[in-house]
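S.K.: Dropping a structure here in structure tokens format, bear with me for questions.
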Amino acid sequence: MQAPPPFQSYSDRSSYTDSWYSRATVYATDFEEITWKHKPITGPEFFDRSLISRRIALFGIFVTVVFGVACIFGGAKIFLSKKTISAGVVVLSFQHEWQREAISLGLNLLVAVCTEATGFVHNITLRAALASESRLKFNTNLRLVTAAKGVFNPNGTVCNIVMAFLLIISYSSSILATLAVNMDSSDDETGNAAVPSTVAICVSDVPLIVLGTSLLLQAIIAIAGMWSADVTTWSSSPFDITAALVHHAQVIPVPGRCMRGVDARKENGPAQPRKKQPSAWTARPSVRKVVVTLWVLVIACLGWGLVVVHLIGGNMSAAISTWSFFPNSQSYVKAYNIPLHTGLAWFYWVLYYLNTALVQGPLTLVLHCSELVTNVIRDENAWRHATGKNGAKLSTNPLVLVFGSPLNLALLCAKPVLHWMMGLAISLAGTADSEILTAVAVSMFPIQILNLTGALFVFAFIFTIVTVVGRSGPQPAAYGHIQTLANLIDEWSPVMWWGHKSTGSPYYHAGTDSRPLEEVKMYEWYA
């Protein structure tokens, strides 16, 4: 490889502070805080505030509030009903288990829609709060892990913990809201409550009220974040937030780094183009942690299923011979009965929630963390369009950003489906005597647990592949790192192309333009 020119050949030693020979750098990397400066607004406004994203977000908050109020109203109506078979449990006019699962899947879908809406607002306001504190490094952040300063800040540590708790409770409530009750009150010989052959599908008031309350609280925190944060742009595009920060002189582009990607955290000075760029796994440690956590969840779920099989009797081959996607009367099951006493009804509901949340909580949090992977890949794909035929668009319709990304779409579908499959693996089955609910069994089905394990394995495998595969071509990778994008984009336009721009002395220069550019010279030095 050809060495860079000697120090004496620099045209302006005083202005080129980020040279090959510098021991210190004036910029910050993806692993350090960016050097921010607060200056008056400079130049024309060339970013999209994306008010359409704001309107969609507000509509999502409205839907969340309406659904939350409806759940509370429905739960209160059941509580006051005189047609219950126990305190707060009413029989629906359904007689088939698949109808119960359809209700459960529908609830999970609605919960997913509502939590995604509040999560989007919470994430955008977190980004704005971090920017105001000069701590925003990436376009995409884990909103429940990354916190803004301030005890009572809607994006602070306390509210993030509350949001995580409410998110888990929301999905747990969708599982606990319905239960199948055996009106004949018959158990098997081992004392385990099997799925009854003749069931009454019931709905409970407590989970509905808790679900509605948790959704309303999430909406309140999200709205509080909107009021407290100065949101410059509602766009999820890495270009819009970078352009906004550059426009307000909060991020200062560093000259001489036109061929330095997000991974070049220690290298200074000129660089030659590389044929291959680092993967998200290499470039961003947080992505690595998320993928590892996904595999830990897969192993834990597999271990859970094997433990349940062992508790039943340890006959794995016999359990597999009864395989089915849905639990049925032939399914292997391990359950423990909790007798109901009117005076202690609330205490038992706390037990139900603890059981469900302890099992479902890790799934909910890991799926939330998986958003980091999908959004980081989405941000990099958007940037790499700059060397494509159509170029990289500065602003994109928010719905296109989500539904135009296969990985984002897969995650959106996976959230309600995997939570629903969790509800198949662990659920409530009641027993009644003389049409009075006497006990509720928390049932665990090993085959359905293994089904969930298989689905999680596929999910983790796909996410692993997309994170470990590097990007080809000389265009430096950014993965949504704001300072890197600010360094690489030297001209802003509605559609941008990246490539070779000038043959200078002593270095070539690469950057962006409003028209297609020629390819960079592979063995030349760029700065």
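Yeah, the Cβs are placed from backbone N, Cα and C, and that goes for glycine too.
Automated prediction, rather than curation, is the source of TrEMBL annotations.
If you look up TrEMBL, you'll see 56-76, 158-181, 193-217, 290-313, 399-429, 449-469 marked as transmembrane segment.
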S.K.: Excluding the flanking five residues on each side, which residues at least 6 beyond the ends of the transmembrane segment (158-181) place their CB within less than 8 Å of a CB in that stretch?
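M.R.: Here the qualifying positions are 85, 89, 91, 97, 100, 103-104, 107-108, 111, 114-115, 122, 143-145, 147, 151-152, 195-196, 199-204, 206-208, 210-211, 214-215, 217-218, 221, 352-353, 356-357, 360-361, 364-365, 368, 419, 422-423, 426-432, 437, 440.
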S.K.: Should anything in the same chain at least six residues away from the transmembrane segment (56-76) have a Cβ under 8 Å from its Cβ atoms, list it; otherwise answer none.
M.R.: 88, 110, 113-114, 116-118, 120-121, 124, 205-209, 211-216, 218-219, 222-223, 234, 398-399
S.K.: Which bits of the chain, at least 6 residues beyond where the transmembrane segment (399-429) starts or stops, bring a Cβ under 8 A of a Cβ in it?
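M.R.: Same-chain residues near the transmembrane segment (399-429) but 6 or more away: 56, 101, 104-105, 108-109, 111-112, 116, 171, 174-176, 179-182, 193, 195-196, 236-237, 325-327, 335, 352, 355-356, 359-360, 363-364, 367, 370-371, 373-375, 377-378, 381, 440-445, 448-449, 451-452, 455-456, 459, 462-463, 466.
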